[in-house]
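Participant: Encoded as structure tokens, here's the structure I'll be asking about.
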Amino acid sequence: MNELKNDRYLRALLRQPVDMTPVWMMRQAGRYLPEYKATRAIAGDFMSLCKNAELACEVTMQPLRRYPLDAAILFSDILTIPDAMGLGLYFETGEGPRFQSPITCRADVEKLPIPDPEQELGYVMNAVRTIRRELAGSVPLIGFSGSPWTLATYMVEGGSSKAFTKLKKMMYAEPQTLHLLLDKLADSVILYLNAQIKAGAQSVMIFDTWGGVLTGRDYHEFSLNYMHKIVDGLIRENEGRRVPVTLFTKGGGPWLEAMAATGCDALGLDWTTDIADARRRVGDKVALQGNMDPSVLYAPPARIEQEVSTILASFGQGEGHVFNLGHGIHQDVPPAHAGAFVNAVHALSRPYHQK
């Protein structure tokens, strides 16, 4: 495999010295880019785009051609695992993801298979290998998965939800059924992420988009517990270097200490957590990724630069910061504003890394 020309992102995740703060954006390959829309039109629909290694590679590379980003992230979807378990993923226009066969009872959970990632999810591994070849060592490639709790929200609700009543009913009325589901999902995620690492992912991230809807007790029992199991099961060395693991719970600000104790290398922060406070609490254990409100990108470039400057100053001197948004970039952000953001991070961060 190619020697990395820019390993700033991997170094920052391990709290090693860098010349400037690395930056990438969640959903950096996406609908705010006209070239993405054009490629998706060629594919026909979202899952066809994910399942075609060449097209998935193309959309992964598109933001890197526009912006000096410090990492590429695999173009895929968190719902590939439940789809491979046989739930029948499809996308309703304007409605988001849906499942033809959602989980309704214990029998549904018991019959769920644990997918073989090179078989049922081989298209993801093909995309990873294709992207690594295309990157040719320019920047690292991030692999990812949804967390068991977040995957379960879609599998039990049958799609997106605001109140999660079906899943919370299962959690409170049939906790053992939910634990069985989460355990199967954790085993599936371990196999899936390890296959991504073997295929060439140089860092992995676990997205716990919906962990923040839980009480503290329930978060520990039904979400963090299973992410901890995954971290324990991951390959942590490959191609002669460490493979860093980042956990991201949206709304996870109250639980950073417990998240840092899982053995992960970094925590993603949403914009509701103060990064200075987060660094005081866990900065001696993990790196921090984040955490600009994605809506700042609607503002003029001068305002974007001001926000970047504020967050850099809030984190302060030294290592262990990967700049990112606090969640995915919105689809109607002007591409030039994303460019202003990336350039501002690089331009304004150098003084924070001088010895």
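Every residue, even glycine, has its Cβ placed from backbone N, Cα and C.
Per Swiss-Prot, the feature substrate binding site maps to ARG27, GLN28, ALA29, GLY30, ARG31, PHE46, ASP77, TYR154, THR209, HIS327; the stated evidence is sequence analysis. Under the heading site 'Transition state stabilizer', Swiss-Prot lists ASP77.
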Participant: Max Cα-Cα distance in Å among ARG27, GLN28, ALA29, GLY30, ARG31, PHE46, ASP77, TYR154, THR209, HIS327, the residues listed as binding substrate?
Facilitator: 23
Participant: I'd like the number of other C-beta atoms within 10 A of the C-beta of ARG31 (substrate binding site), please.
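Facilitator: Other Cβ atoms within 10 Å of ARG31 (substrate binding site): 14.
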Participant: Within 10 Å of the Cβ of ARG27 (substrate binding site), how many other Cβ atoms are there?
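Facilitator: I count 17 other Cβ atoms within 10 Å of it.
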Participant: Specify the count of other C-beta atoms within 10 Å of the C-beta of THR209 (substrate binding site).
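Facilitator: Around the Cβ of THR209 (substrate binding site), 21 other Cβ atoms lie within 10 Å.
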Participant: Under a three-state reduction of DSSP output, how is THR209 (substrate binding site) classified: helix, strand, or coil?
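Facilitator: The three-state answer is coil.
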Participant: List nothing but the one residue from ALA29, ASP77 whose Cβ has the fewest other Cβ atoms within 10 Å; the candidates are the binding-site residues.
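Facilitator: Selected from the binding-site residues ALA29, ASP77 on minimum Cβ neighbours within 10 Å: ASP77.
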